Amino acid sequence: MKPLQTNFNLLTYLYERKEIVEDTLNKSIPRGNPTFIYDSIRYSLSAGGKRIRPILCLASCELAGGTMEMALPTACALEMIHTMSLIHDDLPAMDNDSYRRGKPTNHIIYGEDLAILAGDALLAYAFEFIATQTKNVPADLIVKVIAQVAHSVTTSGLVGGQIIDLSSEGKSDTTLETLNFIHIHKTGALLEAAVLSGALLAGAKEKDMNRFLRYAQNIGLAFQIIDDVLDIISTEEKLGKSIGKDLKTQKATYPSFWGVEESIKQAELLVEEAKEEILYFDNKAIPLIAIADFIVNRNN
């Protein structure tokens, strides 16, 4: 295999796509009445963040032969769903967090009732946005994408992971197998949906979809391992959210099983496996390869 190009600038790539995603998100939900629910929705949706899920969706679509325009509605929908999950995650009945993306959490500003409804609305808006805004993609592929994204939120995805996460809190007998289950579903499912939906929109073949799947599964788990590490070694200012909470609530984490250094090694191994899956695409894979490296080397 010929060597991959080395002049790719990941920071520029991430910045440009983040700007496109945020511009589209800002226009995606126009203000209406009652205004305060829109204020609550937009407070969290415009709070920043890495926008890694939408960027993965755009990158996989382009790698599979599609265009950014084809994938942009789904990319933004994924960010709406991710934002919904953060709003609901932060509620007192869930993780009870008061600080997210460098700001007070949604329910601290708008109350628990509006926070719940804002999350509900974002979930519905996400699927409406895919269905009404996706252009130049066959209808059968749009249906497949909607099914893929929806599945990532069900009890086989994000919800299932959150349920086991909540029920494991404070227990000293949580196994590594259970921890993997939690994060394959709670964190990994939406990252997986981002990669797969982008490829689906471009009409990727089944053998290529399997490569995208294995790439996504590996980076999803690596992402969570590094999140657990950062909760120990980073600062609240860098992360933009509360730190040390896992330790306080006696929640099982990868460092609690392996320690910090071994956790980082395991994440690096997963990223190498992810990259191996898409080297098949040669230079077209460079953005996804660089994003995989970013996931394990990030500091927030």
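Yeah, the Cβs are placed from backbone N, Cα and C, and that goes for glycine too.
Database features (Swiss-Prot):
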type    : residues               : note
BINDING : K50, R53, H82, R101    : isopentenyl diphosphate binding site
BINDING : D89, D95               : Mg(2+) 1 binding site
BINDING : D89, D95               : Mg(2+) 2 binding site
BINDING : R100, K186, T187, Q224 : (2E,6E)-farnesyl diphosphate binding site
Fill in: binding-site residues listed as K50, H82, least Cβ neighbours within 10 Å
K50
Worksheet, complete the sentence: Out of the binding-site residues D89, D95, the residue with the smallest number of other Cβ atoms within 10 Å is D89
Discussion item. Using a 10 Å radius around its CB, how many other CB atoms surround R53 (isopentenyl diphosphate binding site)?
Written reply: 23
Discussion item. When DSSP is mapped onto helix/strand/coil, what comes out for K50 (isopentenyl diphosphate binding site)?
Written reply: coil
Fill in: Largest inter-residue Cα distance among K50, R53, H82, R101 [record-listed isopentenyl diphosphate binders, Å]
16
Discussion item. So, three-state DSSP: helix, strand or coil for T187 ((2E,6E)-farnesyl diphosphate binding site)?
Written reply: coil
Worksheet item: Across all protein chains in the structure, which of the binding-site residues T187, Q224 has the highest Cβ count within 10 Å?
Response: Q224
Practice prompt. Using the recorded isopentenyl diphosphate site (K50, R53, H82, R101) as reference, state which further residues of the same chain have their Cβ within 8 Å of the centre of those residues' Cβ atoms, listed in sequence order.
Written response: G49, R51, I52, E79, T83, L86
Response to the item:
Nearest to H82 (isopentenyl diphosphate binding site) by C-alpha distance, among the binding-site residues R100, K186, Q224, is K186
Item to complete: Do me a favour and check the Cα-Cα span between T187 ((2E,6E)-farnesyl diphosphate binding site) and R53 (isopentenyl diphosphate binding site); whole Å is fine.
Response: 11
Worksheet entry | Spatial neighbours, same chain, of K186 ((2E,6E)-farnesyl diphosphate binding site) - Cβ under 8 Å, 6+ residues apart | L158, G160, G161, Q162, D165, Q224
